[in-house]
Amino acid sequence: MKKTYGVSNGGFVASTDDLKAKQNGIEITEVRDPGESEAQEGAENRATWGNSIEFLMSCISMSVGLGNIWRFPFIAYENGGGAFLIPYIIVLIIVGKPMYYMEMILGQFTSRSSVKIWAVSPIFKGIGIGQMVGTCSVISYYCSMIGLTLNYLFSSFQSELPWSRCREEWGENCVDSKPNPNQTNIENGVSSSEFYFMKEVLKAKEQIDDGIGVPDWKMTLWLLLAWVLVFIIISRGVKSSGKAAYFLAIFPYVVMIILLIRACTLEGAGEGILFFIKPQFSELLNPKVWKEAVVQCFFSLATGMGPIIMFASYNNFHHNVYRLGGQWMLDLVDHYGGTFLIFALAVVELVAIFWVYGLADFILDTQFMCKRYLGIYWRYCWSFVTPVFMMAIFIYYMATLKPLTFGDSHYPEAAHVAGWILFGIGLLQLPLWASYAIGCRGSFMDNVRKSARPTEEWGPKNPKYYLEWKQFKADIKARNDLYNAERNYPKWKIALRNFFGIYVN
């Protein structure tokens, strides 16, 4: 529905059946819209979380997964051990937390998806489309992991584990995973479990250049089952996924505690733990460590991908959001379509919201929705620290980009070309949708400025809140214009105050 708003003093006009008052010198006039009643009903009947705990659990379930259990220990070990926690925590404070809160605010304020929120600045709509491409890449990777997990789960119920013994076709250098006192070729051998995984489960080729082969019918069925489980969980929207979130958020912690207890009881556990957590502080001066901390932060929090915006869009408007073989192909898709693409789009997302739409407007929107005044930490992170830090890390990431490998094997040129094409599909959404928003009529610069400004659809989806929000912002801006005029502030000082989101409340 297109809303028409205007005012007697040039500020705005509102369309509503309830508000015809004159407040603070602004007379609200009624403009009939045939679709207004349907939009009002749609805004009121839109599904919301059953309670705030479901929203919290859903966010936790997004943040606790393979990125924490599987990826984090490896990344920490490769980048200074225990010392990696220092850059990781710093990155969480100056990048992770501000971006997470920003995406929650955007979703809850508009009650829209990560694509439709770009009514705030249509020229950047490609960010939402690009994030969707990146998310699809990551989803394909994670669903394949679920398929492998289901295969392992059901295979574990056999009387003899299929990977415990070597098979003749695996060669003489195979070593039984099950203890065998007669085994002699242990030093240079490969475990039967590794052979089973590569030969029987993945049906992996000897070299990447040999291609990815044809789909294995067993793994295809496991993958189908994984997608069916996903469908069941989201079939009724937040009504079903909210209930599933209780299990999805809590169960990983149960598994991690079990694994921790088991690991601590193994022989040599103490030496292994000390080796892992022993800090190598010299690594803190390596820019690569900081880049890995940023990438890990994105994996852990799922920021820059869209789900946080989507989850928050199902909150009540005034909810207090502020609370303390194919395996080679999958890795290729995850690298170019996931990490690489999402990293680039996250940088543009920060610029679009805080430098184009404006930090002052964003903070006013947040204050209206959450009924709280944001402190200096958020203002300085959003206005300068987070965008600049992300840009610096991304530039370093591009400058030191190395060819992707799978173990010790290098991908062929054709694979890298395919990866860059996937990355390009996601990133090209930016200029394509920007061109669409700018159009070809009239002056080019006028069209650019117009397409960078919010459309009439930007704002709370509920018409009642929309009118209150417009009135709130008009009052605050009028008060600040008077304040600046009384003090005879120059334009540069007013611009600087707006840049850091400083205004008279």
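First residue shown is number 1, and so on along the chain.
Heads up, the Cβ atoms here are built off N, Cα and C, so glycines get one too.
All TrEMBL annotations are machine predictions without curation.
Per TrEMBL, these features apply:
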type	residues	note
TRANSMEM	55-77	transmembrane segment
BINDING	VAL64, ASN68, SER300	Na(+) binding site
TRANSMEM	83-102	transmembrane segment
DISULFID	CYS166-CYS174	disulfide bond
TRANSMEM	221-238	transmembrane segment
TRANSMEM	244-261	transmembrane segment
TRANSMEM	340-364	transmembrane segment
TRANSMEM	376-397	transmembrane segment
TRANSMEM	417-439	transmembrane segment
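For CYS166 (disulfide bond), the number of other Cβ atoms no farther than 10 Å from its own Cβ, over all displayed protein chains, is 23. Outside the transmembrane segment (83-102) by six or more residues, the chain places 75-76, 279-281, 283-284, 289-290, 292-294, 296-298, 300-301, 303-304, 308, 321-322, 346, 350, 353, 362, 378, 381-382, 385-386, 389-390 with a CB less than 8 A from a CB of the stretch. When Cβ-Cβ distances below 8 Å are used as the criterion, the transmembrane segment (221-238) is approached by residues 47-50, 54, 58, 143-144, 146-148, 150-151, 244, 314 of the same chain, each at least six residues removed from its ends.
Cα-Cα distance from CYS166 (disulfide bond) to SER300 (Na(+) binding site): 37 Å (rounded to the nearest whole number). Neighbour counts of Cβ atoms within 10 Å were taken for the recorded positions CYS174, SER300; the minimum is at SER300.
Rounded to the nearest whole angstrom, the C-alpha distance between CYS174 (disulfide bond) and SER300 (Na(+) binding site) is 37.
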